[in-house]
Amino acid sequence: MSSSVRRKGKPGKGGGKGSSRGGRGGRSHASKSHGSGGGGGGGGGGGGGNRKASSRIWDDGDDFCIFSESRRPSRPSNSNISKGESRPKWKPKAKVPLQTLHMTSENQEKVKALLRDLQEQDADAGSERGLSGEEEDDEPDCCNDERYWPAGQEPSLVPDLDPLEYAGLASVEPYVPEFTVSPFAVQKLSRYGFNTERCQAVLRMCDGDVGASLEHLLTQCFSETFGERMKISEAVNQISLDECMEQRQEEAFALKSICGEKFIERIQNRVWTIGLELEYLTSRFRKSKPKESTKNVQENSLEICKFYLKGNCKFGSKCRFKHEVPPNQIVGRIERSVDDSHLNAIEDASFLYELEIRFSKDHKYPYQAPLVAFYSTNENLPLACRLHISEFLYDKALTFAETSEPVVYSLITLLEEESEIVKLLTNTHHKYSDPPVNFLPVPSRTRINNPACHKTVIPNNSFVSNQIPEVEKASESEESDEDDGPAPVIVENESYVNLKKKISKRYDWQAKSVHAENGKICKQFRMKQASRQFQSILQERQSLPAWEERETILNLLRKHQVVVISGMTGCGKTTQIPQFILDDSLNGPPEKVANIICTQPRRISAISVAERVAKERAERVGLTVGYQIRLESVKSSATRLLYCTTGVLLRRLEGDTALQGVSHIIVDEVHERTEESDFLLLVLKDIVSQRPGLQVILMSATLNAELFSDYFNSCPVITIPGRTFPVDQFFLEDAIAVTRYVLQDGSPYMRSMKQISKEKLKARRNRTAFEEVEEDLRLSLHLQDQDSVKDAVPDQQLDFKQLLARYKGVSKSVIKTMSIMDFEKVNLELIEALLEWIVDGKHSYPPGAILVFLPGLAEIKMLYEQLQSNSLFNNRRSNRCVIHPLHSSLSSEEQQAVFVKPPAGVTKIIISTNIAETSITIDDVVYVIDSGKMKEKRYDASKGMESLEDTFVSQANALQRKGRAGRVASGVCFHLFTSHHYNHQLLKQQLPEIQRVPLEQLCLRIKILEMFSAHNLQSVFSRLIEPPHTDSLRASKIRLRDLGALTPDERLTPLGYHLASLPVDVRIGKLMLFGSIFRCLDPALTIAASLAFKSPFVSPWDKKEEANQKKLEFAFANSDYLALLQAYKGWQLSTKEGVRASYNYCRQNFLSGRVLQEMASLKRQFTELLSDIGFAREGLRAREIEKRAQGGDGVLDATGEEANSNAENPKLISAMLCAALYPNVVQVKSPEGKFQKTSTGAVRMQPKSAELKFVTKNDGYVHIHPSSVNYQVRHFDSPYLLYHEKIKTSRVFIRDCSMVSVYPLVLFGGGQVNVQLQRGEFVVSLDDGWIRFVAASHQVAELVKELRCELDQLLQDKIKNPSIDLCTCPRGSRIISTIVKLVTTQ
């Protein structure tokens, strides 16, 4: 049980009402009452009295423990909602069943025993042996005053024990607890300006002595700045100590007279502090004024705090007991007066700033400068500024010591001079306020005594010296008296350091071996140049427009480090420019051979371009030309031109920030403005300043090349014209005219009635849409030429007369169709009519392939089905057409089919998303039909919701699509939007992806790169070419803090380091880590692989019902994720029986074999990553796992039984999902119960599935996606569901979800668990009261809360130090097994 949590009394019967002012608390009827209960907080009702806990900690009649600052549920009231604000969608009257938190007697006893044992370990390690059981209950783990005594006094000696009397104990090895660093001591030291990691390491070295630790840090810090000036001269050594002591006492007396109570001699002749009121500092760094809390405590009735008497009460002024010293306090065998100076400085005078003067033993002040420290509790004052002030003051102290003058009052005067101190505030960086490069791991608060719990680790501590300044251990407990807990301790754990070393080794550049390889490559290239095959391909390359600019490009690269190349589609920039650079270098000396990396936005383009270039070089891919994508790498030691995805290069930068051995970075398709490419530009902009030899080439479309040139300090731009035949461009009005398309009444592509104004609706009365248009047509005969419409008004809002005025020269029949057409919809009927006109119509354009651009897979399926019912396209009578869908979800083999030229007389029709816009080039395309729409990810930062929305393309997209035609002959492009819409409504450029996606993963990537780790996120994002909105960044930082990956001061936690090293969404990464900790690694990796890639369930167009029924057969525990797990297990079993069996299993169960294989590959890669960071067996490699696998993915066997002992526990797996996905929780609202009369009485009826309502806290009502196994469920045992993502289409949908029960939410839900007494029931709440349960008893509530506290601490320890083996560690193993049993049996 965490000893940092104080036990509080059981609430009395408070009489407060739920108004804005709490009522007066009732009296407690306990026998040991220490006062009446406090009044209830605003709106919270009356508070109860407190009584001290008895030694029987968890008896039913005993106190329950709540957090020190319980938060009331935030329930919106009408008075708090202004007129302009929307009313919150969550309402407290929601019909959500309030579940009860039960615990069996057996489990209660098990948890009690565990907590007692854990508490005894803490008490034994941190308290005196003579304390009673009652005192042990409240003993803090940081208490160990036996190590300290007042200066000048010695502890009483205990007589030697008779050796015969204790002979039986000789063989018993005494218990030596692992030393635990007090978090309050760390917080105390950090307020002097030192980094918490440094504080921890020094405290451990000094056995927790805060005074010794502070003096050591100050000495080390000052010695680096002042060096020789700190040495004591021989003359000073001759001065008598008595003389120095006399002068020091005189100065202390004078300071007491001048400063009054502000001056405190904490330890006689050793430590002085002077309280300061530096208003200029406070106002300069004021952010928010903390609210003052009021107290209503009867002081006289309180007992004296025993920790205060010992000198180390960490609660200070917040302590609920009296801080008074009896006349003669007896402690142990020593009669002494208690040194309460550690409290007086805070309680007697609340100063934000203190000047601290320290004298070591035998110090010769004023002939020797004292140690000077500037201390502040103002959290807004940067740590570095505090150290700069201390150094400034110590410099003055050294100067005064040279003339043997007292310095303290002069230092006070200096601090009060604003002009002097303000100069020091500009520098917010200091070596000792930043973490060191290497440091010792922080020891766990969880005491682990078994040697097997830790692997042997040799720490490397670069900043703690071997010699400790000789400091007398006085009775000085300098821990913080604040009750708000320590700041998070950040540890770059050793496993992550090892991971970075391993990554760096992958990219070690050995110049000697590389140059030797280069010599062979040059020789082979010269030989190859003479071959016929090479010369034949060279002639084709020389016909490309890019070849004409070859010398210009090479000359510019010799003069400039960064060059922007702007080229039209088809100019050859992607394939030729890297070869220009490589060929030029191969004709030179071996040490000058280029090593080029060319990034591509998509995997398909990286593969296809690499294969094309290798073919042009008359070699197979993987030699001098290779590619690398996630999970697939085709390259060798001879590869000098590598095509890779942008993510692969960013991952390399984590371990190789200098890009060793790389001569050129080419960023292709930079105009697409993906999140990764924009971030890569920022990284490269930093690297080029550090590596003058690295050259960067940005390749872009023609529209925005200047934007990138300006970003790189106006670097030169080369424009390459495209090699395309003329392309005739037509718009919607032209397409309607050539096809003579007529919109039928009742068509789904007609405008809705809502789009017609109310005035026209009244005038229309009962006329149909066509009758209305006929009337407009008649009136248009009188339309005057001067009638016009503003260009800003979109066509969708215009009626017939207005359209006729806008489109002069267009036939009235076309205008008639346009006036009733819904331009927001993709008109598949018109596309079919255009295809018929192209394939079978009479026109002068040459035959060729047709490329149709549609927004997404759904539209592709609909058009494909529609064309299958048309005899011209279905090939039932004649083989006229061949239709190929093209989508990123298709396999590489399926995608390659679009490049195959059809037989003569057969028209190839490709129905594609925007993947065909820039990523691939299909040479034989003559016709392009552009629907004008695309799927674009949008992100609402305020709701934390992603949506995939149909949006209009930009002008740049439209030009790119047009450019796909005319590669081999004159082409035609039909845009299914009007010419006016193109000229006046379309954006010039698409919104950059970084401005419309969540930023969590990018934040982690920024922080894991050494070049940005010390910068705040806002400053890094502001340097992007077009930064995202600050609201989006703020929301991402909040989510990362809630997840435990980022601290409030924007530093990575240990969990953050691990999540940053995993190339997945942060929630998926957390699922993998928790699966490892709770020994259900294999199923956790399976679910993680599916979430990172896609679901293996498929739904054929003509067998949707059958496919859904098959998926329901896998349904288990109301969870899509567990259904997926069941399906994957079945596939693994089938693979062991052979390829045929695996194929049949997938076909019968509507599963994608390709997706399952990709998931298996991902699982192996994730296993390797977990092995690298210490969360799986050491040395696991994905390739080795695949080789050893005998059917299936091989992960279960590779990771071992220990890591998967709970792999068959579905309840625990659901709990892991809760740990990873929280706070993505949906409430299930049930309608009021309906009853049906039967012969035995009224029976409650199950509600229909449609009657259930699903609500999220921030977004209100959502819907379960029809593909979910929970879509038709009528009853859920628990009213809470977890989900990974929300999507917004026509409505807000939860795609996949999983029911979660009470215990996983309480134990693994993020944030604070609150326990409150409401109407006689103990209510356990999460998330500000949005999730609530009723505890069966207050004992159950307390047990669960205390167990949660222990679990949180254990998880922190494991994540900080992955070398802890929770399987063999007694403490960790017991906590884990208890949690597993609770989750499984309750």
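Cβ from N, Cα, C; glycine included.
Cβ neighbour count for M568 (ATP binding site): 18 (other Cβ atoms within 10 Å of its Cβ, all protein chains included). Feature annotation from Swiss-Prot assigns ATP binding site to G567, M568, T569, G570, C571, G572, K573, T574; the stated evidence is sequence analysis.
Residues annotated as compositional bias 'Gly residues' in Swiss-Prot: 12-23 (among others).
The compositional bias 'Gly residues' feature in Swiss-Prot is assigned to 35-50 (among others).
The compositional bias 'Acidic residues' annotation in Swiss-Prot covers 133-143.
Residues or ranges marked as region 'Disordered' by Swiss-Prot: 1-106 (among others).
Positions annotated as region 'Disordered' by Swiss-Prot: 120-147 (among others).
Swiss-Prot lists 299-326 with the feature zinc finger.
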Densest Cβ environment (other Cβ within 10 Å) across the binding-site residues G567, G570 belongs to G567
Within 10 angstroms of the C-beta of K573 (ATP binding site), the count of other C-beta atoms across all shown chains comes to 27
On average, residues of the zinc finger (299-326) score a pLDDT of 57
Note: in the chain of C571 (ATP binding site), residues six or more apart in sequence with C-beta under 8 angstroms of its C-beta are L544, P545, A546, I720, P721, G722, R723
Same-chain shell around ATP excluding G567, M568, T569, G570, C571, G572, K573, T574, C-beta within 8 angstroms of the CB centroid, reads L544, P545, A546, I720, G722, R723
